[in-house]
Amino acid sequence: MPPNTQSGQHSAAYSPNQYVDLEGRRLAYRSIGEGTPLVLCTRFRGTMDTWDPAFLDGLVAEGLRVITFDYAGLGLSAGERTYNPAVLAKDTAALIGALGLGRVVLGGWSLGGIVAQVLLATRPDLVSHAVLIGTTPPGPVVKLPEQLFIDTARIPGSSLDKDTILFFEPASAESRAAAERSAKRLSARQEGRSPEVPGEWAAAQLGDRPRNPPFPADAVLAALKATKVPVLHIGADHDIAFPVENWYALNSQLPTLQLLTYPQAGHAPHHQYPEASAAYIGTFVHSTLCA
């Protein structure tokens, strides 16, 4: 029997694939837990199976209903694929509507964090709290992504060595060990896995060098400066994709922003510290009044 996170609810490694038909696309999603809905937008080259099950199960333990999904045309979803954040934000809004979720806690990792910010700016009526993980704020940044991230992310396929560079801190023995533990958890699901994102297509979307701004969106930055929605960013002291320093540079300008930064960690702090990250998110959601 699959283990349960709570009575009647499958854990992340065993949650069934479900589908919702939208106009011109079919989105695959998974839902675990009961309680306040938390919708998670995934990273570049991510699918439902690139979320660490320990992190997802930890969120369920915090009284959250956790919903992950594949972007249109990627993973198990059908439709025209794109990494345009505005299009992905519209798909996320459509999913929220189709599932009848009402106002949700909106989460996003990396590219998914950009998507979450766009949706917060364009449909604040759908968002009670925003949880951003390892992502970049809008506009020019004080510290660019490292070329190492671009070069490594363009390599097709995945491996422990590659993922340690991309998502952890190779200089730290503790982080390297966490990468191994996370990799084992990510491989636990045996059936109904989402296919990997096509490597050549993904590399073409990424480009070959860092850009400034990584996320050019003046309107989104203006919305973050004016929002009353509580915003949490979970980062790490050495994120080679989206340096956390860029959030600290804006800290005094964003009135609802909370910053949590983990030491000796990289682009996936929630995979290195899954239980701690989930617990903090639970506290953030349950103790911070939404607008």
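From the backbone N, Cα and C atoms, a Cβ is placed for every residue, glycine too.
Taken from TrEMBL, the feature compositional bias 'Basic and acidic residues' applies to 179-194.
Annotation source TrEMBL lists domain 'AB hydrolase-1' at 37-271.
The region 'Disordered' annotation in TrEMBL covers 179-199. Residues 13-14, 16-17, 28, 45-50, 52-54, 70, 74-76, 155-158, 160, 163-164, 167-168, 268, 271-272, 274 of the same chain, all 6+ positions outside the region 'Disordered' (179-199), place their C-beta atoms under 8 angstroms from a C-beta of that stretch.
Per-class residue totals from DSSP over the region 'Disordered' (179-199), listed helix then strand then coil: 9 helix, 0 strand, 12 coil.
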